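One structure is given here, and the rest of the page talks about it.
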């Protein structure tokens, strides 16, 4: 649509049936506006639907069930498979028993309840009628029954069926399908079914751990049996397991089935990472720590339970080191809560006071520098460590007894990186330092054995005594026994393996070392027989010699044999596992390889696990998961969403459902208030409790009443929404007024940390969404004096007229103008409805400058006033406040468009018209034909500007003259003022005898109103309400340039900025020294930012140069307290500073329509095309003000329609597109020129002139609308005998009444269409030619407009015959019009003058009622001196029938008025039935078949002689007859000769033509006095020239088709 120079696509989405679906957007596709479903939805745009989850979100009366699906975490599962969902209504939920509701809404049981309402597959209502039962996902069987077309499932009746979704169907039921409690998959419910876990279940309840466990995505519980717990409690003498012991049995974030446990591994428990459990597969059995798993895979919702044979002892093997490091928070608002002053993951160090800083922040899009605070924060750092006596990655125990590594006799190489090897103290020895070195004994192994030839009792428990070898004795076995073989020891003989030892009591035989016995008998001692010889349980004792043995560790163990530890292959080469696998030590020299976190496989081969493949990697369901490395993935919210990927926010429309304000959301939907646009919006949403309780308006009133008064309720809901601003809680802390969409003023306050909005308390604030933020409040915001009692009394606004609105709200003056000028008639016309009208108040109209009033209200300026008024009316759309800001087309009844903008931070929620020059003061004044807004100014159309033209009266004195009537008449265009007596300049006339007339001429002198300038009176920079921002003077007036001369300290096109070095709204001078930079500008504070080494208010005091550690960013300054402060226009923590993207903050200070660009800290603003200015203020360029009339024709009026755009309109009496204007020439009938080529006796009708469309017609392809490219359009017109019409021809056709709302090709590849009446669907109501201009792409397809010159129609007048080009009258007229018949005509006329019979003869020639045959002699055969008798004349006429020559037969006779005539002819040799030549009596027929309207004429060579009257016959007559016979024979011979001659010469068929003389010269046609001169006709000049008529040699036309040729001027 448009005028051809400025065009925009017609929005066809706006239709009578409501346009696009609320889940669709109107997009411009292929030059056509189309409804397209939003991402994630399918449909045709008029109806869009999504997954079951998405449909459930907007399903009314199902908010409780929807919240259940969200709380249970099952909402995502409703989108990834085909399902049928049985949804109980909110009323059904309310009917649940308190016991059922309490049990099934527990976090663990709720998923089971939801699953009982889910049926696999897609089951329509018709399908359900044909089956007897269905099975839910909970595996419960639900009976299905149908009675009288009512279907019930599981006892619940389907009350609304087959609600479609992309992956299934939704049926609404009237009852909650409560399953048997035994089917619950909740943790406690499953444990309750297993009595052996009753004690553990009781501890979960006692310590309230169930919620924490079931809130996790997955979990695994290792539950010890009651007997195991009882045994443990007896061992430790405790009454119950404590909370930590209970938590040690729970693993979160993983659902570990038995198959997942088989490889073994370590898992973090609910106590945290330091308290891990080990899972070990041993001999086909599974152990957790040292407890065997004796029952597995008890599934419970999102988790699993495994039974244990023993209680898990908390393995305190990890001693992680926790340290804190101090970090600085960012400089921010001192009023922020404590937890918001420190970075994420840190806590504020309350022992350190906060330091002062300067920070730049944004409030409602504008940047400010403010004093703020920096907090000192504590960053928690955890260093993974093993406790003393534990080593390795998994902190395994060092060798030695529990709690006594290396038996306390050495140092274990413990720690995360330790090897577990014992470094024994001096004199200690062994794998675990469990013994003394050889030759040492004693508790400290510090005593030396003294045995020389024996065995010393060494070791920790030895006493150093010696058992001597054979042949030695003594304390130290150093005395050699010298005795003979048979020598007795005392009285006995010692065994040969014994020694005789002399004691004080006498000699005695003692078995030698390694032997035992009484001395007389000794046998070798086998030490391995007693306690494995002291070797380890995992070692082998091997006897070496009597009394001695060696200890060797068994297979899979390593050590000295006395202490054997399991060989851990994981310590070398990762135990042969894959590099990306974890080696698990599960037994002696046994390992299990488990792929590391982030990998999958058998441990020998591991591949990266795609974390994103399972539950989207933990990312939000509206986020994209992307693997960036092993166990590393990033989460990114989808396009058009905001968030960190783990939490993504969509539009407010969607978020309202998730935060517990579904009732408020449904109210918005019902009132068609959509919050998915650009916004941003701040929504104060009453929570569901608020909309249910407190006598809520929406709950107490009947729905039918709400629908009837929807405007009132919709306005009430709009009172909860603020447009154009995202107000964070920090913005609401201060007392301020906000204007809601309805115009209701909301006042925010903060008292003791509690924020209130009017009388409502803010209970919760959501994160920022795509198009705003939601704050929950605890009550509904009502306008003043509105409550449940009086809302019923408010009249329905759609039933009132604009008259009522104007009178009630103070817009009577403007309404009266609408009425008086006829604009109101247009508003009342349904073709323009609905309308959106902007009404200046009565005060505004009264305050207009008097000059402007004089100009507008003058009767002669009524068209200009109408244009002003029409500029306040937007047609064919009813736009509410939320739709104004981003209105795609604000086209008005005047033709130009309105624009709208938001108020700034000091005018939050306000809406302004046309670049902030006019504020909307009153909203949503709904009336029958549309909606009205009150405004505080008179809108000025760009085509007129602010005109205050002055009316000038000039008196013109006429010359003194006689006092006649004509002497008192003023010239055209003037008005008579007075007549005075005067002296005529003639001495003979007395004094004061003459009259002198004074005439007044009235003309308007162009003048601009104050605050407007230039040819078209454009608005001065800053707007008429704030000229030059009230900081300068505008060069206004008709000859002004519109330049602002700014006051001191200001600069800019509209004096809208401070000069460098000036700050605040008054642009005061900064007072910083050369060592500081000033925070200048309108929003500046004037504070000085000091360079390093300088301080003070003015940065004029030199101080030490601080050195911060770590060093500050190059874009920061180090100040005291080791604080780094980013320089102006930078943000960060001081260690890292980045340049602020100023262009994202209120467009960098540039004008709204300007383009902002930034390089480093410098911002550049560039005005868009069609504007001029410094970029901070952009003024519209008036193209019409240029010297060439804006490019329009000199015969056109140039009108500015928008910045840089114009409309060219041809002046009166000119026609064209405005760029080219031709003098309008009315079409002229071609019949005015030589009767259009018709015969003088024919009526000429110019069919082209009579055609209202002047030969232009619409052509459309047989394939349908818009199927013709330029070439096929040309071809189609040619097939219709036409050519493509040109613009001028289409213009004439439009003025003739051609109206066609379908664009078509014109000549020179132009596209346009004509309209004769205003239609908002055709060119937005434009009347004239809707011109699309010349198309560059000739393959575009349109219809066509063809031009075909219509012919001139010639019709012989009544009484004449012929084709119009040649007309023949009656017989007498033919005689008169034929020169060669003149002699015969004279004879007839003379005959009529002398006798009555002659008059009757002439009358018979004119009688149209009787057909006759007339034989006429040529002049050559009838000399002038030959007079025919009356009978001779009468004999030439045969009355009764017209006999053509073809009907005359040889030897036939013709009866005439004076006897009969004989026909004698010669047969045609080619056609014997016809006569080649003919004689009438004795006269040869020289020409024949000359048609007349009442007969036919045959031309004879000479006149006929009438036979005498028939008397009685005598003998003389008989003789005469004989002579006549002879003569007749001679005549026949002559006739044959003559016939032969004529046959070969000039015999011709019957035609309309003039005859020639015998010599071949053409006789001139009779001239007619009815002629006109040649007149040029511009309409026909463009038509194709007709081909000239074909002529034969005689000059007669050779075609019966009419031939018209128009002579060029």
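Glycine residues also receive a Cβ, built from the backbone N, Cα and C atoms like all the rest.
Annotation source TrEMBL lists domain 'FAS1' at 49-177 (among others). Note on the domain 'FAS1' (49-177): mean pLDDT across this stretch is 88.
For 184-312 (among others), the entry in TrEMBL reads domain 'FAS1'.
Long-range contacts of the domain 'EGF-like' (396-434) within the same chain, counting only residues at least 6 positions beyond its ends with a Cβ under 8 Å from a Cβ of the stretch, are 317, 384-386, 388-390, 440, 444-446, 460, 558-560, 562-565, 568, 571, 585. Marked as domain 'EGF-like' by TrEMBL: 396-434 (among others).
Using a 10 Å Cβ-Cβ cutoff, residue 424 (disulfide bond) registers 21 neighbours. According to TrEMBL, the disulfide bond annotation covers 424-433 (among others).
Residues 409, 427-428, 434-435, 496-502, 512-514, 547 of the same chain lie 6+ residues outside the domain 'EGF-like' (441-478) yet bring a C-beta within less than 8 angstroms of a C-beta in it. The annotation domain 'EGF-like' is assigned in TrEMBL to 441-478 (among others).
Residues annotated as disulfide bond in TrEMBL: 449-466 (among others). Of all Cβ atoms in the protein chains displayed, 22 besides its own lie within 10 Å of the Cβ of residue 466 (disulfide bond).
Under the heading disulfide bond, TrEMBL lists 468-477 (among others). Sequence-distant neighbours of residue 468 (disulfide bond) (same chain, 6+ apart, CB under 8 A from its CB) are 451, 453, 454, 474, 477, 499, 512, 513.
The domain 'EGF-like' feature in TrEMBL is assigned to 485-523 (among others).
Across the domain 'EGF-like' (524-563), DSSP helix (H, G, I), strand (E, B) and coil residues number 7 helix, 14 strand, 19 coil. As annotated by TrEMBL, domain 'EGF-like' applies to 524-563 (among others).
The domain 'EGF-like' annotation in TrEMBL covers 566-607 (among others). Residues 263-266, 278, 280-282, 392, 394, 396, 419-420, 538, 554-558, 629-632 of the same chain lie 6+ residues outside the domain 'EGF-like' (566-607) yet bring a C-beta within less than 8 angstroms of a C-beta in it.
Annotation source TrEMBL lists domain 'FAS1' at 649-781 (among others).
What TrEMBL records for 798-939 (among others) is domain 'FAS1'.
Helix, strand and coil residue tallies for the domain 'EGF-like' (1016-1056), in that order: 7 helix, 11 strand, 23 coil [DSSP]. According to TrEMBL, the domain 'EGF-like' annotation covers 1016-1056 (among others).
The C-beta environment of residue 1055 (disulfide bond), restricted to residues of the same chain at least 6 apart in sequence and closer than 8 Å, consists of 1021, 1022, 1028, 1029, 1031, 1032, 1044, 1046, 1047. Per TrEMBL, disulfide bond is recorded for 1046-1055 (among others).
Annotation comment: TrEMBL describes 1063-1100 (among others) as domain 'EGF-like'.
Per TrEMBL, disulfide bond is recorded for 1090-1099 (among others). The Cβ of residue 1090 (disulfide bond) lies under 8 Å from the Cβ of 1075, 1076, 1096, 1099, 1117, each of which sits 6+ residues away along the same chain.
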Q: Report, as a single number, how many Cβ atoms besides its own are within 10 Å of the Cβ of residue 1322 (disulfide bond).
A: 21
Q. When you tally the Cβ atoms that lie within 10 Å of each candidate's Cβ, which of the disulfide-bonded residues (1046, 1099, 1346) has the highest tally?
A. 1346
Q) Same-chain residues six or more away whose CB lies under 8 A from the CB of residue 433 (disulfide bond)? A) 400, 406, 407, 408, 409, 410, 422, 424, 425
Q) Which of the disulfide-bonded residues 1277, 1301, 1346 has its Cα nearest to the Cα of residue 466 (disulfide bond)? A) 1301
Q: Would you mind checking how many other C-beta atoms are within 10 angstroms of the C-beta on residue 1301 (disulfide bond)?
A: 12
**Q.** Feature contact check the domain 'FAS1' (798-939) with the domain 'FAS1' (649-781), CB under 8 Å, 3 or more pairs
**A.** yes
**Q.** Chain-internal residues near residue 1277 (disulfide bond), provided their CB is under 8 angstroms and they sit 6+ positions away
**A.** 1259, 1283, 1284, 1344, 1346, 1347
Q) Where residue 1322 (disulfide bond) and residue 449 (disulfide bond) are concerned, what is their Cα separation in Å, rounded? A) 121
Q | Region pair the domain 'FAS1' (798-939) / the domain 'FAS1' (184-312), three or more CB pairs under 8 Å | A | no
Q. In whole Å, how far is residue 449 (disulfide bond) from residue 1301 (disulfide bond) when you measure between their Cα atoms?
A. 124
Q | Counts of helix, strand and coil residues, the domain 'EGF-like' (1139-1177), according to DSSP | A | 7 helix, 14 strand, 18 coil
